[in-house]
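Written out below as structure tokens is the structure these notes cover.
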């Protein structure tokens, strides 16, 4: 093929690709998230992108997800190997669509090599064959933490999650956010107490979970469609509308429980919620960062206790920017064990795409270089190389410009990439062991002895 | 499914998975590599794991690689969507098998948004359907840099590569290594000068490239099989055995060129090599870190100038730990343009696996936590949480132990994960606003006022 003009070289639909200024933003965010995760002792793991299909489909965890199967394509000269490659046949494999099923597999694979409670973070990309639409990607990065125990898992692990969420989003500096906390036992317990039968509780919770999306009257309609009586419906509406400060909500819940029957589950949920809130406070999370929201249920079946959603205030339409909760039967699936765990997830690719679109985050400079050493005259190249190395050894990122171009063009090139400083050395400067340091932001240009250059640049970079 | 005991939850063959202590080592190495790449102004990009198959197969770049195609598997309840999902049919997609073809596509996709010379790094995982054997993985991470120009690309970019390789491997601290530099024009030029016809040069270079693997006499045999005369073969053997210091080799090459005919290509190669070596020296790379090795060709067809291999001295059997070179027609394939570039690649997954096996690298601690705040008595939990947060705010990674266990067990748990320090606070200490700080490595235990604890831990961590 002489020319590439017949090949469609665009990315496959739904597979996102960042420009350098965007990828740098992603790395910046990943660094923050990782730092906070690690400060709480979460340790990194990475599971392969590819798992056995039977693993991904264990316990019906495929849910509604379209999984991508993989199948080897041999090069033309190796077709004969097809049958003996060990790559075909019964051993179906596919790309992971989340990090929870692989975590369960990871724990099963390394049970005796891990220390429990096992607190891990994972920031891999996952794949879902969804129709690509606004903000939905077929490949995206998720930042997940989970802590998993073999028997009991303290509720204080649940309390750490809001502290972690708070630290991350304060560090990212995206404005005010609110972590909405609830407990599934409070929900299921309340539904039981008002006489909803066991078999209807799950669907009632799903309906209530949609309150924000569909509104109160629609929730009423749908509950009645489920066969919930008018009286029960009213009690449910009153319940999920309980608001006020965290302590007020807890008080109202306790008062409510006194006037209901079969409140064992409800009271357990209230106690759990209270313990978690006390922990959140002891961890120093500011009061305006969290609330109890009884309408939060998290659609996913597997949550059994604490649940979280995080709303960016003033940008509620973005949806939850960090969610999670506690589960009992999720990660022990391959071992046939109950393993309680609690975790949260940040859908980073989607979050970045939305925050950029909403103007809440900005991309970074197109290059990590902080200084460009410009090319004034070819014969001084040895000096440019040495000065560049000197700056690098001081921890400064340097682009040395090797191409002959007019000085103005070189400044333009630096500026276009977001490089703030240019180091200019002509024969006069070289002879005097000095340089001109130009700040492209301010236009200011100062003379600096080469021996002081690294220090001066670092001072100005702040 | 009630129990997971029928599911084969092992990783698919050839898809590696790290324990936390290994993944932490990978992240540690990635951090070093990224820091060095960025210090030279290389900017990060990431291309999707999935590309159109026609992109991956452009210019025959599939080579001998088995590519994994992907195909959506719908959940049982959505089979009806199969035809309208836009996921099936003609638009074949597959997993990338290297980062070079995707780089070419990336440049074509974003031509007008990028600044040239475009210096990028990329540390993604790639996929190859090879039969899994010793050290070969089907999914592995590569750390690549390339700098690509639209017209001319200074040879000083070639000179930067050995400086970058040196900084990385010195920082990783894996012992002595040697960067072997050659230039394909020297090789092709020499072969032309001794009268090898154009059509045989490539295969002769491949034979010579195998010198280390197959030995001198086998190289002779194979050259003769190609129809190279005995006299020519002897000249070739003498040529690739030229050794000595960098300057000696350059002198010998120049002397040799004087006694040959049709030396235009050869002389161009020698001049390039000389320019690159001068640049490497100006960048301060120590003389014992690099040499000229005329037998290095790099099997890949596409190199046209400088080529590099890096050998870990005393561990030559590991093969090259970082290789690369200059090319002209690789990344412009989709644009139908010549785009000169130069790059190097570190096959990180394979490297880690080999260095661990050889005992050259060790894994890190199983957790990033540096301190465990132990649980002496439940009622002091608020204090433990506050002290933990206080330490975290000082930049220390802290695991708070929430579980009731004997103190000795808690120390064991910390030690097993490689946590060096335990903070012990009983009611007496709490009342006096102090703690006992225990060093699990030395057994030493000291009393520290809580107000000084963060500072003391940081001092001891060094």
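Every residue gets a Cβ built from N, Cα and C, even glycine.
Unlike curated entries, TrEMBL annotations are predicted automatically.
These numbers come from a predicted model, not from an experiment.
Going through A:128, A:131, A:289 against TrEMBL, the one listed in the L-histidine site together with A:98, A:99, A:100, A:142, A:146, A:298, A:302, A:303 turns out to be A:128. Averaged over the domain 'Aminoacyl-transfer RNA synthetases class-II family profile' (A:29-368), the predicted model has a pLDDT of 91. Over all protein chains present, the Cβ of residue A:98 (L-histidine binding site) has 19 other Cβ atoms lying within 10 Å. Cβ neighbour count within 10 Å across all protein chains ranks A:100 highest among the binding-site residues A:100, A:142.
For the L-histidine site listed in the record, the two most distant Cα atoms among A:98, A:99, A:100, A:128, A:142, A:146, A:298, A:302, A:303 lie 22 Å apart. Secondary structure at residue A:142 (L-histidine binding site), taken from DSSP and collapsed to helix, strand or coil, is strand. According to DSSP, residue A:100 (L-histidine binding site) is assigned to a helical segment. Neighbours of residue A:303 (L-histidine binding site), defined as other CB atoms within 10 A of its CB across all chains, total 24.
There are 18 other Cβ atoms within 10 Å of the Cβ belonging to residue A:298 (L-histidine binding site).
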